[in-house]
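**Student:** Quick paste from Swiss-Prot:
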COMPBIAS  407-416  compositional bias 'Basic and acidic residues'
COMPBIAS  418-434  compositional bias 'Low complexity'
INTRAMEM  132-148  intramembrane segment
MOD_RES   79  S-nitrosocysteine
REGION    398-434  region 'Disordered'
MOTIF     145-150  motif 'Selectivity filter'
TOPO_DOM  1-81  topological domain 'Cytoplasmic'
TOPO_DOM  109-131  topological domain 'Extracellular'
TOPO_DOM  149-157  topological domain 'Extracellular'
TOPO_DOM  186-434  topological domain 'Cytoplasmic'
TRANSMEM  82-108  transmembrane segment
TRANSMEM  158-185  transmembrane segment
């Protein structure tokens, strides 16, 4: 797509009559607002995800020179990264090859000494080893320390003794490698990501009088994620003023790195907030522009597993169609007696906030600057009251559901439980002027 645009631009530049059109096309491609790709490129077809919703990267490597040699140079990491079935097959073949190699060695030593001849010598190198199968069984018993007591090595042949010593050393090294690789693979925090979840959608709404992009993260386990922190990047195609086409330009999305709010205490689900300011790549996007935009928001959660102290990383992504403008997340944290309760039924649910501005954050800032000398606040008080009452109603509905479940489960209630538990309602995030 970018190559075709570059060829069209180049052909237009070579034709004298189309020089002005080529300049206009180049200016439109390179100097479009906020660096977005032109409308025909972004509007014809949505590009595939770079990072899937489950965190897997949608990338395939091709034409790698010397790929096998590079993987074998770091054999331990290769064994840890491969699937279990290939790992088990590799280790089984390694043990089998070791037994066959030393069995063949013992058979050759016995054959050269004459132990396999029709009249066996009075002092053989190996007792009860008269064939290749017997030599293979002797190698197996030696490396695994089975010790049936039938076959053994004698002091007649120093070469046989040296071969037995060499097999013991090689067997110890192979066992250590196999045990280390299996333990490292079992201790990988990859499966820990299954209990770290992101919300299905992200939302764009006002918070503290600023337009913010928000999404939720949650931990389904009781064990904590130590030193948990979040990051986000915006991936989008871009054409530089020089005409270079970048298929995926990575832009950092600030989630509070300077203030330290990117480091989270993930005991209950937390809403990650990105304030859309002048440094944000979404600063010039309103609701209409967002629907036509072509980008991918990649969100990352990192931390150390409490049980193993190994670092884990959980990833997900959001497309423009998954950013809900003018929505907020439903409350998930409620107080039940002396404990707090997290209801994951509401984790992915959102509700619409009427009156949310549909313009971009840039236009909001311009309007706020124009109305800065006005004594009245431009933010309606009825909207703030609705937001608070809406979240309060959600908490009350949660209380009613709990009360109905309690009444159905028990015929009589104690006086302590007669009073309905008080829900932990979110505090009003918007302070209205008097």
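Cβ coordinates are placed from backbone N, Cα and C, and glycine is handled just like the others.
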**Student:** Count the other Cβ atoms sitting within 10 Å of the Cβ of residue 79 (S-nitrosocysteine), across every protein chain shown.
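**Tutor:** Its Cβ has 21 other Cβ atoms within 10 Å.
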**Student:** Can you give the mean pLDDT for the topological domain 'Extracellular' (149-157), rounded to a whole number?
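**Tutor:** Here the predicted model's pLDDT, averaged over the topological domain 'Extracellular' (149-157), is 86.
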**Student:** Can you tell me how the residues of the motif 'Selectivity filter' (145-150) break down into helix, strand and coil by DSSP?
**Tutor:** 0 helix, 0 strand, 6 coil
**Student:** Take the topological domain 'Extracellular' (109-131) and count its residues per DSSP category (helix H/G/I, strand E/B, coil), listing them in that order.
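**Tutor:** Its residues fall into 5 helix, 2 strand, 16 coil.
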**Student:** List, by number or range, the same-chain residues at least 6 past the topological domain 'Extracellular' (109-131) whose CB is under 8 A from its CB atoms?
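**Tutor:** Residues 138, 150-154, 156-157, 159-160, 163 contact the topological domain 'Extracellular' (109-131) from elsewhere in the chain.
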